[in-house]
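In what follows, a single structure is set out as structure tokens and then discussed.
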Amino acid sequence: MSEFLDLEAQDGVRMTWNTFPGTKQEALGCVLPVAAIYTPLKSIPDTPVLPYSPLRCRICRSVLNPFSVVDYVAKIWICPFCFQRNHFPQHYMSISEDNLPAELFPQYTTIEYASSVETGPKMPSVFLFVVDTCMIEEEIMFLKSALSQAIELLPENSLVGLITFGTYIQVHELGFGHMPKSYVFKGSKEITKDQLLDQMCFFAGRPRPNVGVIAGPRDGLSAESIARFLIPASECEFVLNSVLEELQKDPWTVPSDQRASRCTSTALSIAASLLGLCIPGSGARIMAFVGGPSTEGAGSIVSKNLSEPIRSHKDLDKGSAPLYGKAVKFYESLSKQLVHQGHVLDLFACAPDQVGVAELKVAVERTGGIVVLAESFGHCVFKDSFRRIFQTTDYDLGLAFNGVFEVNCSKDVKVQGIIGPCASLDKKGPLCAETVVGQGNTTAWKMCGLDKKTSLCLIFEIARKDGPEAVSQPTSNQFYFQFLTYYQHSDGQMRLRVTTLSRGWLAGPGSTQGLLAGFDQETAAAVMARIVSFKMETESDFDPIRWLDRSLIRLCSKFGDYQKDSPSSFSLSPRLSIFPQFIFHLRRSQFVQVFNNSPDETAYYRMILNRENVANAVVMVQPSLISYSFHSAPEPVLLDVSAIAADRILLLDSYFTVVVFHGASIAQWRNAGYQNQPEHETFAYLLKAPRDEADAIIKERFPVPRLVVCDQHGSQARFLLVKLNPSVTYNSNNPPPPGGDIIFTDDVSFEVFLDHLQRLAVQ
């Protein structure tokens, strides 16, 4: 596994197969797709940033890279993708084997360009806060406090705007500093860009230009009219804080049998149109703080009548959620508008009930937005996550804006699509596969918002054919890939990051062992989790458990060692041995089992899965479990109910929650206060160690996970029990060891699952 981690550290890429199946037929036989999980802005130490423009191939537009063949005498380089011969320009004429430009150094397979000619002038980042006021006073106080802290941390050169909404929407004119002033719009009415222009007096006292779509200063909007609503962060602190101090709960009375009149969708639509008018094409984020379900406007998710419950998974399956389709359609059109403008929608949903994350998912995900789901604006999950966005520490997010991601690869490889936070730019070409997965049918995608952790899952198809057609194909046994990411750096400068990779391919009867040697089971688990989530959302009669089981059986049949019809002879290579365990936990995970989760929670979990790297995705699928006891140093233990013991503390990290679980004896000793007695110093240290480790996990993770501290047999112990392999249940023949525990479930254990797998794989 370590060689795959080294490749990721060098380029931010992990692939399911690091030696590719050489033909289309062989790739289909491998069951799992050829896929890569790529983190475009992964911080790679010593990556050079070149102050000049990249050199491109005349035909395929790929960038000069270490895999290009260079003729130093004729001053020519040959593109590894299309084999075009390109002449070096004049300023490369001193090139020789001893005098190479950085982009040809073999270790610089990932490199950045920051040429101002290529990338244009520096642009300020923009933050537009859209704040829900239909909440109780306590929640509004929590939110005001969080916003006040954030205002102090905003980058100096950024611009800030504020919109508040409840029954009506108020666009605050922050540039008018003498007194609070805002423009009010009705929440139940859709507002067009033209209406905004007229009603907000953008052309007061001046004739309006005779152009189709008005977008920014280019079309006659004066800088003064824009500065009324978006003001520099360095000047906004006093004005914004005075507006926030005055912020009150929505004044319209709500009957006791009704929900508040909340027009989330109209407020977001006005925010998008305002940014589209003022600063199209510049990096901007709409940060929406929502404290309840939308009941007004095109994106409402439930009626105002409290007797009508908010839609559940069952309602969505039966088609009995009448507002769902209409709301999703609205947010799809909003996402297209935001992608076209290059702007991001971030969502902070903090309420005990659902707020409509399932409907908003399409707009947040396609614009690369951040999503945080918590029970309250006072909860540390929201407060710490929100603060982390603006903090400049070792764990800062490194927010980037307005990105475009492009792929180039050898002509024998085609791109089926990307599952992740991006939107297709419909750039069709010979590299597009006929089969589409996720955002497909293109080789370029818009990434309005991205950060150091944002990861994309690219799914490829091997197009190389076997037989007589293969004779005319090049004999090199390497496939090449190039990923290009244009983005607005957090300092406002536009940059281009280029990652170029090569992977070998194998074909023919003896290729099985070679393919297996390059199989990365962690990446395969992360890719399968994304694909199964995507299929559950897009295919109506899809059975995820059956699909996962069949894929695993076929994979084990192809790569396992066994004698036909003899389950006892079955064994798996170490390269594949953990994969069945990953699939077992994926079948039981919150991505596949939607029972007991609301549509909002399921959408939230899947959005986070679709933007995280392999290591984090694996923790979501199969949580890590560490045991602390007097008898040994902290050690990883099996994710099994047999790990529970009365004299042990367990630390479970399931990504969204971190659980510190005290065994029954440990809890009794702690309640008796032994840790405060000098002779029991070791016990005090034992109690502290898992908390320190939990704090370290929380410190570097985004969104901040929920910390649960619980005791054996306590009500919160369910956070641990639900993740464990139920090897001992209420109807098992083998009782648990003294101080152990049992799980009340009818789920099969991993042993039974493996037994069935062996029986079916050898048939």
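Glycine too: its Cβ is placed from the backbone N, Cα and C atoms.
Look at TrEMBL and you will find 54-92 tagged as domain 'Zinc finger Sec23/Sec24-type'. Taken residue by residue, the domain 'Zinc finger Sec23/Sec24-type' (54-92) breaks down under DSSP into 3 helix, 11 strand, 25 coil.
In the predicted model, the domain 'Sec23/Sec24 trunk' (123-390) shows an average pLDDT of 90. For 123-390, the entry in TrEMBL reads domain 'Sec23/Sec24 trunk'.
Taken from TrEMBL, the feature domain 'Sec23/Sec24 beta-sandwich' covers 400-505.
Residues or ranges marked as domain 'Sec23/Sec24 helical' by TrEMBL: 520-618.
Taken from TrEMBL, the feature domain 'Gelsolin-like' covers 633-720.
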Check your understanding: By Cβ distance under 8 Å, which residues at least 6 away from the ends of the domain 'Zinc finger Sec23/Sec24-type' (54-92) in the same chain are close to it?
Key -> 101, 103-106, 108-109, 113, 118, 408-411, 474, 480, 482, 484, 496, 498, 500, 502
Practice item. Find the member of 123-390, 400-505, 520-618 that has more C-beta pairs under 8 Å to the domain 'Gelsolin-like' (633-720) than any other listed stretch. Key: 123-390
